[in-house]
Each structure stands twice: as C-alpha cells, then as structure tokens.
Amino acid sequence: MAPGSTMWLLGYIFLCFPVSFALIKQPKPETPTDPGVLHCRPWNFKFTINFQNQETGSSPVLVTWDNQGRLHRLQNDTDCGTRVGEGPGPSVVLEANYSSCYVTESEPYYVMLVGVEEVDAAGQNLVTKQQLLKCPMHLPAPDAGLCDSVPVQDRLPCATAPISQEDCEELGCCHSSEEVNACYYGNTVTSHCTQEGHFSIAVSRNVSSPPLHLDSVHLVFGNDSECQPVVATRAFVLFLFPFTACGTTRQITGDRAIYENELLATREVRTWSRGSITRDSIFRLRVSCSYSISSSALPVDMHVLTLPPPLPETQPGPLTVVLQIAKDKDYHSYYTMDDYPVVKLLRDPIYVDVSILYRTDPYLGLRLHQCWATPRTNPLYQPQWPILVKGCPYTGDNYQTQLIPVQEAFDLPFPSHHQRFSISTFSFLDSSVAKEALKGPIYLHCSVSVCQPTGTQSCTVTCPIDSRRRNSDINFQNSTANISSKGPMILLQATEDPSEKLHKHSGVPVHPGALWVAGLSGIFIIGALLVSYVAIRTRR
C-alpha cells in the first residue's frame, strides 16, 4: 500500500456494555505601528521596542496579563523571570524567561501578550497598544552533541572574538571558552538574517546520513558569483548573499516583508541499462527572513523549513485495535475481563478509549467513523442509538458525546494511536405505547480505520460536520473489513418505579398470620374494656 493513502485495515470493534486573556474594561488596544524587534533565544524572549511618547513626554510602561486576565506592570522580577532595561536610543528591552509567570505554552509556541500603558489627556492610565510575542518551543539551537562532535580542526568561526556565550548561542552557534574559535558552527544547519539584509546559512556535511557532498550544495535559483559559498571546507559550507539576489522571493504580508530562498544538494546517480541507483541523501532546505517594514532594518524572525523525513516503508501485516472502558476520567486504569459486568446508573459517564496496539510508528493515525449502541451483540440489531456520526458527536442527543483530546505523555508516547470520548449511560425503550425501559446490557460498536500519515486530511475529522452531510444512519463501507469482539457487558441499573419506592419506605414486611393475631388481640382487649365498664356501672 502506498504511503499517504488511507489504510482501511480494521472495521468494527464491539464491546459489551488556549492562550486566553480576560477582557480589560478599557478601549481596545491597537497594534503598534512599530511592532518592535523580537529575538527568540533558547531560554527566553528578548523584545526591543521604541515607544517614547512624543506628545506628552511621559514615559510609557510595558505591561502584561497573567492567565487570570489581571494586568501587571513589567519590571525586574527574579521570581517571575522578567527583566526590563534601557536599549539603544529611546528604546526599551524586555527579557522574559519561557518559565515566566506571564508566558503560556501553546504548542508549539511560547506566547506572551505585552502592552504599552500610557497616560491620556485626562490623566488616566490606558493600555494603548499591544503586541503578541511568539517563539517556537523547540529552537534549532545546537545541543551539546552537535557541538562536541565537531573536531577542533574542522570548527568554522560563527562570529569574531571576543563574543559572550549568550550572544553566540543567540546566533544558534556553539561556544567554547577553551578554544581560539570560541564561537563556531555545530553539526547542523545554522541560519540567521543580518541587519544589513543578508542571508547567512552554514551547512555541515554531517547534517544528513550519509554525509552530504558539500560541493553539490547550491542555491536553487542562483548561478551568479555572489551566490556561491563564501567559505567551503571539508566539513562546512557557508552562504552569505543579499535579499536582492540569487532568486530570493519577496512577499508583503501586513507590516512584514518576508524573503525566501532555497538550498538543494544534487544527488549522484548511477545508471545502466536495467536501472538507476544513488547513495546520496535527499537535502532540500527552504529559509525565510521576516522584517518589519515600518521599523528599523532589524529582522523580526527567521525560519528554517526542511523537508519532512521520508515515510516508513509499508507492508501488509496484522494490526490490532482495542476498545477499552476507563475507570476514571483521567484514563489511569481500565476495566479488565474480570471486572465485568460493570453496573452503571443512568447518566453515569462512560470513558471510552480506542487504540492501536503493539505499534511504534508515529505516522500511524486512528480515525473513528461511526459509533453506536444496540441492546444485543449484533451490530445490525434494532433499535440502535448513534453516538458518533462521521467521527463527530450525534447532535440529536441532549447528552452529547464528548470528544476527549489525547496528549502525549510518558505512558502515552503515540497520541495519534488513540481516540477517546465519553458518553452518558442510557437505557433503550421498547416499541410499545408505554415505552418501557429495556433492562439488560448495552452493546457499543465502532467502525474505525487506520490511516497514514497522521495529521493529514485522511486522518483528521473537523467537528461539527457540514449540516448537509450530517446523517444519523449507520453506513457500512464496502472497503472496510468487519471484525467483532464479544466482550463483557455493561449492565444499566434501571431507575426505581414509584410504587417500588413507596413499598421500599413503608417499613418491614408483615406476615399475614401476624395480622390475624393482632386483630383477635384487639377484639379481646375491646371486649374486656366493655365488661369492666358495665361492671362499674352496675355497682353504682
């Protein structure tokens, strides 16, 4: 089966039984005309902005919001990991650690909302401007292995000495205080945008396996002399070229100008009458620099977009999918065969997990198509009740199914192998006029498919689905194989009938013989009282 296509390997499984900011009550802040310059460091934001108020002469203040929507003035705060200081000229520099009180993790970015508070003509403090700072959570900065693996004789200087370790690492380079070349390139691709409007791209031969032939690395659209590497050694090749040359494209988006170019390594191909081979890696690299048009020429950010790794080879084979019921909403444990039948009251939640077993391929995805319930093991048995329709909660239920996002965790390394949802327990009604509740088990059925690669359109479902396509009927696809598992059942405990409830609270049941004894005793007592009364009257 070809990669990228949906693999309809499994059919039916049967089992018995943001960054959000609070609204501030003040005029809506504007986006500043000068958005400032943001540097995404390996450990923090570095944000430089020129915001001197020329009209009032007052000194505006940088502010931010916590996750409760409360406003805070930014200052030097060790506990919250923020530092505010003067920059060049009339600018202010903010540094905020990614672990700061005001930084939120919004995969795959660290984000922080920053505002400018000024005094208006009436003397009121107002937040007049705001800027959302966003840095990737995983910067392409070299780790220790990429740095230590570069032999001393192969180290290519990344910056001229002297340079601090902080400034060196900000360039994405390695630092060693023991070597002459204290700041050098690691065994990776290191790219940055210069203030003068140039791309700087260093490529290590060990960025791929097998190693690259560096003499084959070139700019896709650049053949001029200025597009050739400025430095070429046996271990590295360095390109330095302006945005106005070498086929660089320019695109204006809002207040930003985005420049892009592409590097490519030519593969050596051997051909004979019966075929062709190559022993070279595929290397294609797209880089982009983003600049603010209205501010200075400092780059706003830099992106290196490499090709995704090739999809794994696929071949036919067994694949196991299981449907389990969790004991709690956190999915810490599941009911086993020995735990059934599981008794549930009406409206009790049932937490369902459908997962692929015994696979470690991160590109596999699991997709739920239809899920429904029947009072028998037969999935075609009537009556039926839809739970998921085309992967989305059935909208005709007043207790709608809740889709539960699956996050990567230590005990859940492949979240794409799982689909989770919760339902509220219910009881089927018979077809009579009285609509009596059917006591007994409820059986849950799902149709699923395993798809590849995860994250593509064939592997994802967007809810709510188009109303024109919404249909509660259960449709079986001819290309889907059907399998069933006769599992244990979930018994639904019926609600008490009012007459049963009255009987339940009327006291301990009385034997009929005891009622006769009590009656005769009462007659004798009444008779004795009458005789005593007559005797007393006679004496008088």
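Heads up, the Cβ atoms here are built off N, Cα and C, so glycines get one too.
Sequence annotations record features per position, and here Swiss-Prot assigns signal peptide to 1-24. The feature N-linked glycosylation site is assigned by Swiss-Prot to Asn76, Asn97, Asn206, Asn223, Asn478, Asn482. Among the features that Swiss-Prot reports, domain 'P-type' is placed at 145-187. Annotation comment: Swiss-Prot describes Ser296, Thr306 as O-linked glycosylation site. The transmembrane segment annotation in Swiss-Prot covers 516-536 and rests on sequence analysis.
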Check: Asn97 (N-linked glycosylation site) has how many other Cβ neighbours within 10 Å of its own Cβ?
Finding: 17
Notebook entry, point to check: When a 10 Å sphere is centred on the Cβ of Asn206 (N-linked glycosylation site), how many other Cβ atoms does it contain?
Noted result: 18
Note to self: I'm trying to understand the geometry here, so how far is the Cα atom of Asn97 (N-linked glycosylation site) from the Cα atom of Asn206 (N-linked glycosylation site), in Å to the nearest whole number?
What the structure shows: 32
Check: Taking the Cβ of Asn76 (N-linked glycosylation site) as centre, how many other Cβ atoms lie within 10 Å?
Finding: 10
Next item on the list: Quick one: pull the CA-CA distance for Asn206 (N-linked glycosylation site) versus Asn223 (N-linked glycosylation site), whole Å only.
Entry: 25
Note to self: Taking only the residues in the domain 'P-type' (145-187), give me the average pLDDT of this model.
What the structure shows: 83
Next item on the list: Helix, strand, coil: count each for the residues of the domain 'P-type' (145-187), based on DSSP.
Entry: 13 helix, 5 strand, 25 coil
Note to self: I need the CA-to-CA distance for Asn223 (N-linked glycosylation site) versus Asn76 (N-linked glycosylation site), whole Å please.
What the structure shows: 50
Next item on the list: Tally every other Cβ atom lying within 10 Å of the Cβ atom of Asn223 (N-linked glycosylation site).
Entry: 10
